[in-house]
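A.B. asks: Sharing a structure with you now.
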Amino acid sequence: MGEITKISTLNGIAASGDIAIAKAYCLAEPALFFGVKMIEDFAQEIERFRAAIAKSKQEIKKIHDATKIKLGKDNAAIFDAHLLVLSDLELINAVEETVKSQQINAEYALQCTSDRFISMFEQMDNEYMRERAADIRDVTKRVLSHLLGVELVNPGMISEEVIIVAKDLTPSDTAQLNRQFVKGFTTDIGGRTSHSAIMARTLEIPAVVGTKVATERINHGDLVIVDGISGEVIINPTEEIVAQYEKKKADFAAQKAEWAKLVNEKTVSADGHHVELAANIGTPNDVKGAINNGGEGVGLYRTEFLYMGREHLPTEDEQYEAYKSVVEGMNGKPVVVRTLDIGGDKELPYLSLPKEINPFLGFRAIRLCLEEQDIFRTQLKALLRASTAGNLKIMFPMIATLDEFRQAKAILEEEKQKLSAEGIAFSESIELGIMVEIPATAILADQFAKEVDFFSIGTNDLIQYTMAADRMNEQVSYLYQPYSPSILRLVKMVIDAAHKEGKWAGMCGEMAGDETAIPVLLGLGLDEFSMSATSILKARSLIKRLNKSEMKELAQNVLNMSTTTEVKAAITAAVK
Ligand code: PEP
Ligand code: MG
């Protein structure tokens, strides 16, 4: 591929492969500025308010219907709640009464009234009522936008091909992007292992994150190229540059077609060593992608997405259906289900957990589950019931001490006993493993290996905790180094510890699908590589060309190197 001329280019982090070329859709929140104003004709002002309510209702109905078709009834339920707020006569009458009695503008009357309702709801004991505060806040914003004649951005309603430009996208924003129209996205902040980046790879949406200045430099409607392979974003390219990138896109498609030929093959190195290539998934819908991309199993099912983008916890039956559909969909292939890993960049607003200064180091994942045992037990019960549908394994996230593992395991055993007493069936041979994503656990892997059935190394977190570099922060992304000898030594400790006890070791952090890391991981003896489904075929094609015995030697060498640069150079030299 020839050198490509660059003009007005931003450099970010290549988050999701492939190239997208389309107009920019800037997702900035519009300013809703207004002050208090005396009005002369209150009847006219009330009419204006009612018209804004009517428009908001129409708009919400449209969003509701589109969401229902795309994401199902449960995800659309939030908009039913918004419609209820707009029909709440107590709120509407209070606004109109304020306009009339104080002779002030509808915007100000609405804001004051809804602030009053919000603080009232927020102080209620009942969790359901507390959640209504968020609905009132959202709806107020929408009505204000109509009163002020300002358009609210709504990525769900985009109906032409665009590239989203945003400061940041939450994982649930990303999940809601309409792939028919959203051709790619670029953000100011975020890293390769932010969950929005991981999700973009699953959805196969080209993305460049962490550009720092995309929202400043790109205007709504600019023509933009997002190159998710190199991490570049080109603003207002010439026709010639567009043609060059179209060629690059076509070359990439041809390369993908080559990889696709490997879909039904096993992953065997050139010297006959088999490893398992599995997919990381977030929802039952992702099973199709895992199969179509030749996944030999699911190495990480991030169940927290089942809990997100909704208003309350999923019931045991809802969870059972989701887990069963994944296990059945994989048709006997292994499925590693990770128990709830909420926290960090994955929030659950309806749990009303206190805001933390360091959410990645806080009350999250297994820590929360051991404390909020009702939530944990409901999930374990659903998992146990689904285990009869195929080959389900359970994995606990963020385990830092053996005590935590033992407690979590004891709770699982209690739930098994309860099910037995009720005569409900579950598999007797469920493997139980842990994520190794905290350095303390990697260092003590020899002790953990005696008690767990398997390890899955979570390098997304393991790297950030080892290097003390936030995985979401593009300013410290230079420290986020998977090929650092210190990370590789930790990985080796975990694999060796597992093997010594006759257990298997996998990896489900993004490093497992990283072309540069794969040769060393193969050499270190990793048994299972779990990655975004879209990386599997490329990884298989690479491993088939590698010789495990040579990679073992390479691994020995790089473990004794002192810098990432040396390691990278040694890998490049060994894998031509
Ligand atoms: C990890 O930390 O490597 C991992 C796979 O989990 P998550 O990305 O969901 O934190
Ligand atoms: Mg993690």
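From the backbone N, Cα and C atoms, a Cβ is placed for every residue, glycine too.
All annotation found in TrEMBL is predicted automatically rather than curated by experts.
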A.B. asks: Looking at TrEMBL, which one out of Arg364, Arg471 binds phosphoenolpyruvate in the same site as Arg302, Arg338, Asn460, Asp461?
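C.D. replies: Of Arg364, Arg471, Arg471 joins Arg302, Arg338, Asn460, Asp461 in the phosphoenolpyruvate site that TrEMBL records.
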A.B. asks: Tell me which range among 39-66, 95-122, 123-150, 207-234 TrEMBL lists as coiled coil.
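C.D. replies: Comparing 39-66, 95-122, 123-150, 207-234 with TrEMBL, coiled coil matches 39-66.
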A.B. asks: Taking the recorded positions His195, Glu437, Asp461, which residues show a Cβ-atom distance to ligand 2 below 6 Å?
C.D. replies: Glu437, Asp461
A.B. asks: Check the binding-site residues Glu437, Asp461 for other C-beta atoms within 10 angstroms of each C-beta and report the one with the most.
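C.D. replies: Its Cβ has the most other Cβ atoms within 10 Å: Glu437.
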A.B. asks: Do you know the mean pLDDT across the coiled coil (39-66)?
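C.D. replies: It averages 91.
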A.B. asks: Can you give me the Cα-Cα distance between His195 (active site, tele-phosphohistidine intermediate) and Asp461 (Mg(2+) binding site) in Å, rounded to a whole number?
C.D. replies: 12
